[in-house]
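**Student:** Take a look at this one; I'll ask things after.
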Amino acid sequence: MSKSLIEKIGTLKRKINAIILAHNYQRPEVQDIADYTGDSLELSRKAAETGADVIVFCGVHFMAETAKILSPEKTVLLPDENAGCPMADMITAEQLAQEKKKYPGVQVVCYVNSSAAVKADSDICCTSANAVKVVQAMDADRPVLFIPDQYLGLFAMRSSGTKMHFWPGYCPTHMKIGVDDIARQKKRYPDAKIVVHPECRPDVIDAADEALSTGGIIRYARAYKKKTLIVGTETGILHRLGKENPAVEYVPVTERSLCPNMKRITLEKVLWAMEELKPKIEIPENIRQKALLAVERMLAL
Ligand code: 13P
Ligand code: SF4
């Protein structure tokens, strides 16, 4: 990677007082220039507490939007405005409003992988790191609707015992991870443990040793003592894992689990975004304020 490109990013970052946040699925070179790399929950906490004027969010749209919900006075840049999350697009605010009518008194738990407008009409947000805790905190006497990820919802229901209704959304990247892939890797590496993301299908989660958020997978690998760890999530995480605990060999359950949207962010686009201060995330203030309530309830837990 061009050294001068990295130097330019560093110089401009200081000039405009920016912080670069990167999700664990980002390209290796983007992770390497970030001030902080983490999972959705860790990145939203960083966005809320930073003293920088500009947040350059290397991730997908809903993540940058969450940063803007929390820090409206800051400029939040998403270096490629087309970096979306297909799962977040699987439910609209209008669809949610219709669905809520089916369950009088419903409490909506909204996975952070959703638009600001959908968050605004939800009671509380969650991420994959805290979904079980959030669901456990719901009022047991009222119905709970979990949106948009049916598989994370099912995982949270099974782990917490809280009965819920689901929206039939899913992550196309994690759908590509199958039990047959797990069986094949288990055969090749019989001593290895298998850790997967809770966006995976239930049969995949059942076949694994652990289901954890990307941040949880990083912590698990830090303390891991065996030779090989089999990892079932977006393959961008392998770079971070290798940096955190290089003594372990990390093997993906399948190479197919790649999120094309996460890979849209490149170093060039990071530089251009800082030079031009765009693409900027903007949210109508009435929606932002309502969405903030759902995000703050989650962060308070
Ligand atoms: P994490 O919150 O675990 O980083 O997951 C975000 C995501 O989009 C997973 O596909
Ligand atoms: Fe969305 Fe799946 Fe990509 Fe995560 S991996 S950003 S849930 S499409």
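Glycine is no exception: its Cβ is also placed from the backbone N, Cα and C atoms.
According to TrEMBL:
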BINDING   His23, Ser40, Tyr111, Val112, Asn113, Ser128, His197, Pro198, Glu199, Thr214  iminosuccinate binding site
BINDING   Cys85, Cys171, Cys259  [4Fe-4S] cluster binding site
**Student:** Identify which of the binding-site residues Cys85, Cys171, Cys259 has its Cβ surrounded by the largest number of other Cβ atoms within 10 Å, counting every protein chain shown.
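**Tutor:** When each Cβ's neighbours within 10 Å are tallied, Cys171 leads.
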**Student:** With DSSP assignments reduced to helix, strand and coil, which class does Glu199 (iminosuccinate binding site) get?
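**Tutor:** Looking at the DSSP assignment, Glu199 (iminosuccinate binding site) belongs to neither helix nor strand, so coil.
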**Student:** Which ones, of the binding-site residues His23, Tyr111, His197, Glu199, have a Cα no more than 10 Å from the Cα of Cys85 ([4Fe-4S] cluster binding site)?
**Tutor:** none
**Student:** Name them in sequence order: residues not among Cys85, Cys171, Cys259 whose Cβ is within 8 Å of the mean position of the Cβ atoms defining the [4Fe-4S] cluster site.
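**Tutor:** So the additional residues around the site are Val60, Pro86, Met87, Ala88, Asn113, Pro172, Thr173, His174, Glu199, Glu234, Asn261, Met262.
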**Student:** Using a 6 Å cut-off on Cβ distance, which of the binding-site residues His23, Tyr111, Cys171 come close to any atom of ligand 2?
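**Tutor:** List returned for ligand 2: Cys171.
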**Student:** Taking each of His23, Tyr111, His197 in turn, which of these binding-site residues have a Cα lying within 10 angstroms of the Cα of Cys171 ([4Fe-4S] cluster binding site)?
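**Tutor:** Taking His23, Tyr111, His197 one by one, none has a Cα falling within 10 Å of Cys171 ([4Fe-4S] cluster binding site).
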**Student:** Counting across all protein chains present, how many other Cβ atoms fall within 10 Å of the Cβ of His197 (iminosuccinate binding site)?
**Tutor:** 29
**Student:** Taking the Cβ of His23 (iminosuccinate binding site) as the centre, how many other Cβ atoms fall within a 10 Å radius?
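**Tutor:** Result for His23 (iminosuccinate binding site): 27 neighbouring Cβ atoms inside 10 Å.
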